[in-house]
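The repeat 'NHL' annotation in TrEMBL covers 188-227.
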Amino acid sequence: FDYYWIFILYFQVLKAYDYFSPWREQQQMYKLDIGWPKTPEDFTGQTFCVAVDSLHGLVYVGQRGDNVPKVLVFSEEGYFLYSWNNTVEMPHGIFVWNTATDSSVWITDVGTGKYGHTVKQYSPLGKLMQVLGTPGNAGSSLIPLQFDQPAEIFVEENGDIYVVDGDGGMNNRLIKLSNDYKEIWLTGINGTGIGQFKIPHSVTLDAFGRVWVADRDNKRIQVFDKVTGEWLGSWSSCFSEDGPYSVRFTADYKYLIVAQLNINRLAILVAPPVGAIGDCVMVHTVQLADETKPHLVDVDMKSGAIYVAEIGAQQVQKFVPLR
């Protein structure tokens, strides 16, 4: 009789653990679009980054390599459209910014040559429009617009800019700039404490005024107030196996998509509503093939599709939501 109740209690504990565990999984949420792109041979270098222009149905891919076009442009259906190469050395992050009248493409360049250590704005066809930083010169953390291997950029609708800087350089910081490129606030130094970073690698915003940063080598995500730069919280329990490389929200802002390069995985986490950040809850994972190495991702905010830039497989893959 006593063994019976011990047995029942044991399974109740297991059920409770399964419910509250941050690793709890649900049914499959995405499937691979095997028809994207139509001509995979257009990828001729290492594909480091991808950005979706949801408004115009375009997908921009940044790749590296000798004598290869650094930016490729595809339709959302997967057709290759055109490429450009001017003044891009080693693209790391890429972002498309749309206004009511115009579109532009922002690229972070971590090269060490005459174009590197910069954040640059291009027209959709590749015309250089703006350069932030001093090309070819690695910067000091004391100077806001002097970058050292800037990793990624996110631009709000009003033109405010968020940059994580850098990808292994001297700087380990998050900076917010106004639409006329003036510093609004800056936070972060090299370290493991609150608000400190070890390779801040990706940055995004949610719908509630919060800035999310993939603090890669600290194996955590840190969250800040977009107005003040105040630290709001961090997530680490979901990243014991591998640090977060990329952060992007789903189109409905219900989930956060996180790329984990070394274990070839996309983690899908519950996005907290207004209020406390709490701890991370992982509801699903997309396991990629070995040595795929997902580096940075982007989400189509209309269709919900996820695009994954994979430096190991030297390709971009598209995953479409099932519900």
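Glycine is no exception: its Cβ is also placed from the backbone N, Cα and C atoms.
Per-residue pLDDT, averaged over the repeat 'NHL' (188-227), rounds to 97. Note on the repeat 'NHL' (188-227): DSSP counts are 3 helix, 20 strand, 17 coil.
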